[in-house]
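Have a look at the structure below, then the notes.
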Amino acid sequence: MDVIKISPRGYCYGVVDAMVIAKNASLDKTLPRPIYILGMIVHNKHVTDAFEEDGIYTLDGTNRLEILKQVEKGTVIFTAHGVSPEVRKAAEEKGLVTIDATCPDVTKTHDLIRKVKAEGYHVIYIGKKGHPEPEGAVGVAPEIVHLVETEEDVRNLDIQAEKLIVTNQTTMSQWDVHDIMESVKEKYPYVEYHQEICLATQVRQEAVSEQAKKADLTIVVGDPKSNNSNRLAQVSEEIAGTKAYRIGDISELKLEWLKDVNTVAVTAGASTPTPITKEVIRFLEQFDHNDESTWQLEHSVPLKKILPKVKIKN
């Protein structure tokens, strides 16, 4: 089968930095144990499973404050998605050692919210409800940040502030953000724009929007909790016009999807381990509709291949 390996795809620098920070923590014998990650360090189960094998435990829950209640001692790592000041304060009051793996692009948004709050603004924040990144951003200044996910949410807003700015979650589809921002502008003509789609997300979406047009099908390799992975599938269908499926790894691929498909495009979310994506590409490249021996779907990437290698400091 012909395979279009969409480029760029896969890991972004924020994800790599977060994983290196956590990997170094696992090697640091001076850190108090146990070591916990407050939520998924990045949204990929293969990554969290690999860290657990290294003795770093991922805690899950409805929000970061609730998750923190599970921790009585040791070290906590804040994920790439960022946390609110309230979570940081709660960890400090518990006497926990904290390690911050927040993506620099997320930190920029937090800094923006602090800045405009001091200047008397309210903020309309476009993001996915229930996702940890908006949770952290709204938590920076909950009294002035208004979370919206849809154009209907915008219509339901009742903001009286004279100074208003609109910004967004870094991993949203830039086309969705544009449409919602237009709705905001229609309701609040004086609003100021500050789009925060991170560059890695933007170029990956643009690559899919162009390169997937040449394929009969797009496969996005990414975790179901990964917002940017889900958005890539959306971009393939809505912008490139190519049917798309998101899979966590090769074991989730369905052979019936490949019926009547001659060319398949493959991309991966920003938190998807490269070996997982390569395994999918290898399968598709050798797949032959007429040869059943090429139809075996087997995930075989060991966990030790998932995490980045780091140098041990002497």
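Yeah, the Cβs are placed from backbone N, Cα and C, and that goes for glycine too.
What you are looking at is a predicted structure, and each value in this text was computed from that prediction instead of being measured.
Some features that Swiss-Prot has for this protein:
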- Cys12, Cys103, Cys198: [4Fe-4S] cluster binding site (BINDING)
- His43, His81, His131, Ser226, Asn228, Ser271: dimethylallyl diphosphate binding site (BINDING)
- His43, His81, His131, Thr170, Ser226, Asn228, Ser271: (2E)-4-hydroxy-3-methylbut-2-enyl diphosphate binding site (BINDING)
- His43, His81, His131, Ser226, Asn228, Ser271: isopentenyl diphosphate binding site (BINDING)
- Glu133: active site, proton donor (ACT_SITE)
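Sequence-distant neighbours of His81 (dimethylallyl diphosphate binding site) (same chain, six or more apart, CB under 8 Å from its CB) are Gly39, Thr102, Cys103, Val106, His131, Pro132, Glu133, Glu135, Gly136, listed in sequence order. It is His43 that, of the binding-site residues His43, His131, has its Cβ surrounded by the most other Cβ atoms within 10 Å. A simple way to gauge crowding: the CB of Cys12 ([4Fe-4S] cluster binding site) has 25 other CB atoms within 10 angstroms, across all the protein chains here.
Among the binding-site residues listed here, namely Cys12, Thr170, Cys198, Cys12 has its C-alpha nearest to that of Ser271 (dimethylallyl diphosphate binding site).
Cα-Cα distance from Ser226 (dimethylallyl diphosphate binding site) to Thr170 ((2E)-4-hydroxy-3-methylbut-2-enyl diphosphate binding site): 12 Å (rounded to the nearest whole number). The two recorded residues, His43 (dimethylallyl diphosphate binding site) and Thr170 ((2E)-4-hydroxy-3-methylbut-2-enyl diphosphate binding site), have Cα atoms 14 Å apart.
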